[in-house]
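These notes concern the structure reproduced below.
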Amino acid sequence: MDSALSDPHNGSAEAGGPTNGTTRPPSTPEGIALAYGSLLLMALLPIFFGALRSVRCARGKNASDMPETITSRDAARFPIIASCTLLGLYLFFKIFSQEYINLLLSMYFFVLGILALSHTISPFMNKFFPANFPNRQYQLLFTQGSGENKEEIINYEFDTKDLVCLGLSSIVGVWYLLRKHWIANNLFGLAFSLNGVELLHLNNVSTGCILLGGLFIYDVFWVFGTNVMVTVAKSFEAPIKLVFPQDLLEKGLEADNFAMLGLGDIVIPGIFIALLLRFDISLKKNTHTYFYTSFAAYIFGLGLTIFIMHIFKHAQPALLYLVPACIGFPVLVALAKGEVTEMFSYESSAEILPHTPRLTHFPTVSGSPASLADSMQQKLAGPRRRRPQNPSAIYEESNPKDPAAVTESKEGTEASTSKGLEKKEK
């Protein structure tokens, strides 16, 4: 996972440009400001809209859009898994040909990018379809086994409108595959970021602190301790980072002196900010205090990252500045409002499927297994009361339709009445 803000040093041929001994002309201050401002804006868009869509996703009932909940165990293991993946990619680029690795990865992200972009633009495109558009429903279902042992592998529901969005996204995919243009790269990167913020849900604030704290150490180590992350980020030709050219004003769309921001610097703080938005809604106070606080903290942290990088002319681990800001600012607000307990006791996973019954307590059982088995057998062997299968059976038992039964009941009633009169006469 790339998680560093990188600046190709002005006047060098270090990142993505010619490496034949020629040097680039220094980027102008206007070009640098435009590049950094564009990266900041592109980072804010998927966080803001992804957080809003995460609320609808948590309340939705569509199985294909169910979020993936991150637990504290997942959060603790994630930095280790990310470190192994990063080091493995670094070794691959050192041992094998970079050209063939990037070709394989390009095909992989070509498919993922089309699906992610299609899912991203689908809600916006639905507003442009006419009311009489022939929209048909489809379901892609893959199962394993048969009978009672059948297990669903893939269950995805889509319609004709989704197919149209898939076709439009395929055009961007072909453009990226053939040209590797930075605009196509950013479209896929924004789609990946928005989908990550929308569909990856932290179950509580404590899990978010564990995840951000672990990746804080991960980011600092791999950026400052080694050159692994920067090397992978510059060698990895895949939409895992947002890029913007610093020489756009001089070269136009064919510019090649890029500043870059890893998607990890967007998605990781973004899912924490989305969690705070859902926490705001759970308070039912019609305010989004914690969401706006954390959103402002992200802007402050990323702006500080850009400033430090520009001063020292060295790639910076953005999470070094983002994690303290995104955690510290909301916690200070909670301390001021006296809502720290509510914040850390909030469980986001309880709102994913509100229509599903949940087990709130466990029954207490005692005794040995043999005694429990004996008691169960006695209950099974005991007399059972016969229950009518439907209300009509109850009505028929209390009101028999057989005329003979009705006559017998009348005769019984008359006999009991005559016996009562004889007792009164005596």
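For all residues, glycine too, the Cβ spot is worked out from N, Cα and C.
Feature annotations, courtesy of TrEMBL:
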| type | residues | note |
| --- | --- | --- |
| COMPBIAS | 365-378 | compositional bias 'Polar residues' |
| REGION | 1-27 | region 'Disordered' |
| REGION | 365-426 | region 'Disordered' |
| TRANSMEM | 33-55 | transmembrane segment |
| TRANSMEM | 75-93 | transmembrane segment |
| TRANSMEM | 100-121 | transmembrane segment |
| TRANSMEM | 199-224 | transmembrane segment |
| TRANSMEM | 258-277 | transmembrane segment |
| TRANSMEM | 289-312 | transmembrane segment |
| TRANSMEM | 318-336 | transmembrane segment |
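For the transmembrane segment (75-93), the residues of the chain that approach it from at least six positions outside its boundaries are 1, 101, 202, 207-208, 210-211, 214-215, 217-218, 222, 228-229, 231-232, 235-236, judged by C-beta separation under 8 angstroms. Between the transmembrane segment (33-55) and the stretches 100-121, 258-277, 289-312, 318-336, it is 258-277 that has the most C-beta pairs under 8 angstroms. Counting residues 6+ beyond its ends, the transmembrane segment (100-121) has Cβ neighbours under 8 Å at 92-93, 162, 165-166, 168-170, 172-173, 176-177, 180, 187-188, 190-192, 194-195, 235-240 in the same chain. Packing against the transmembrane segment (318-336) from elsewhere in the chain are residues 3-5, 208-209, 212-213, 215-216, 218-220, 261-262, 264-265, 268-269, 272-273, 276, 289-290, 293-294, 296-298, 300-302, 304-305, 308, 342-343: each is 6 or more residues past its ends and has a CB under 8 Å from a CB in it. Residues 3-4, 54, 57-58, 65, 67-72, 74-76, 78-79, 82-83, 86, 230, 264, 267-269, 271-272, 274-276, 279, 315-320, 323, 326-327, 343-349, 352 of the same chain lie 6 or more positions beyond the ends of the transmembrane segment (199-224) yet place their CB under 8 Å from a CB of it. Here the transmembrane segment (289-312) has Cβ contacts under 8 Å with residues 5-7, 32, 36, 39-40, 43-44, 47-48, 51, 265, 269, 272-273, 276-277, 279-280, 318, 320-326, 328-330, 333-334, 337, 343 of the same chain, all six or more residues outside its ends.
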